[in-house]
Amino acid sequence: MHRALLNASRRVATVRSMASTVEGDAFRLSEYSSKYLGHRKAAFTEKLEIVNADDTPALPIYRVTNAVGDVIDKSQDPNFDEQTSLKMYKTMTQLNIMDRILYDSQRQGRISFYMTSFGEEGNHVGSAAALEPQDLIYGQYREAGVLLWRGYTMENFMNQCYGNADDLGKGRQMPMHFGTKERNFVTISSPLTTQLPQAVGSAYAFKQQKDNNRIAVVYFGDGAASEGDAHAAFNFAATLKCPIIFFCRNNGYAISTPTSEQYGGDGIAGKGPAYGLHTIRVDGNDLLAVYNATKEARRVALTNRPVLIEAMTYRLGHHSTSDDSTAYRSSDEVQTWGDKDHPITRFKKYITERGWWNEEKEMEWQKEVKKRVLTEFAAAEKRKKAHYHDLFEDVYDELPLRLRRQRDELDAHVAEYKEHYPMLETLQSKP
């Protein structure tokens, strides 16, 4: 009798222990999920296994067309009308022609600096077309096509590259550092990656203001993704659930550093899920795919779920006019990419097969754009430069005494030594 009671007591204790264990495990898993894992479900395991990064499958590359421009799955074709399609093509080719002329002009010493977008025209136009005018854009320095799509004029481009008095930035920035409040494009700054956390801040402000049909979009390259500010921005956006799209142009090189020396994981997109970002990798030379991906990303971002897009592309040009890429890559590599996978060539086939484009129209358009670029270039070259008084303006509503004194001292200096300042004749009249 005593032994039976003892065994029964042990069984009850065992059941209670098991119940307590189950309850304890459930408690811990619930706590881990809500407090540590972003509400993701996890389970305990008794199998010791370290995740092998080399065995983790890479994220797929979304595409609509193949390398020669054929639509693979008709259901993925956004079916643009003729007007929209031609605007897309003309924006890409206009950018390409402008790049060629301004690059050559820098080599002639007529402007001080330039950066081309050769080979990346598709991700500019495809993404810009999927956004809304009210969306706030933070660019890096290779997004001229986004501005073209938004209506930034050829005159604006030329004035900025010359830094003349009609430049929207009053000549205070080096070439390629565009910005326009009217087009919701924040002025570009030179320090790498600073725009990412700034863009997240803007997106957070939209969320706080309950601006329900506006997002922030920030463009950056693979090199910028290696900077600490990128990781801070990813975490900031995911934690605060901001309406933002991170658009990474992975073009293979951070100036001279190839991507193989920048990261050991699954590219830039591979970082997204780890930070809690909704993520897609897209063929950046496929305008249709970039458009679809960006449009869907915008829909998701509007629900306060940040999205990372990695656009796989290739930089056909040098990093800038200060770079000679033949020092770190072969001309054969560049030629092969240009011949086998160019976004303009791919989309040209798309519109040609629909009867919207032909070689005669191509020749007429090329001639028209070259004339327009050269005309605006010549006009910008002749315009006066901003007066040096502008150095003191646009910070304070009313110029403080110390700045007025500095301005007056500069006036006195220039008046005394004006023979040493021949450029005074090229300046706009004193305000």
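Glycine residues also receive a Cβ, built from the backbone N, Cα and C atoms like all the rest.
The model shown is predicted, which means the values in this text are computed figures rather than measured ones.
Swiss-Prot has this to say about the protein:
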BINDING   Q140, Y141, R142  thiamine diphosphate binding site
BINDING   S189, T194, Q195  K(+) binding site
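Across the fold, the C-alpha of Q195 (K(+) binding site) and the C-alpha of R142 (thiamine diphosphate binding site) stand 13 Å from each other. Ranking the binding-site residues S189, Q195 by other CB atoms within 10 A of the CB puts S189 at the bottom. Taking the centroid of the Cβ atoms of S189, T194, Q195 as the K(+) site, the other same-chain residues with Cβ within 8 Å of it are Y138, I188, S190, P191, L192, T193, L196, Q198.
Between the C-alpha atoms of S189 (K(+) binding site) and R142 (thiamine diphosphate binding site), the distance comes to 12 Å.
The sparsest Cβ neighbourhood within 10 Å, among the listed binding-site residues (Q140, T194), is found at T194. What surrounds the thiamine diphosphate site, by Cβ distance within 8 Å of the Cβ centroid and not counting Q140, Y141, R142, is the set M115, G139, E143, M176, I188, Y219, F220, G221 from the same chain.
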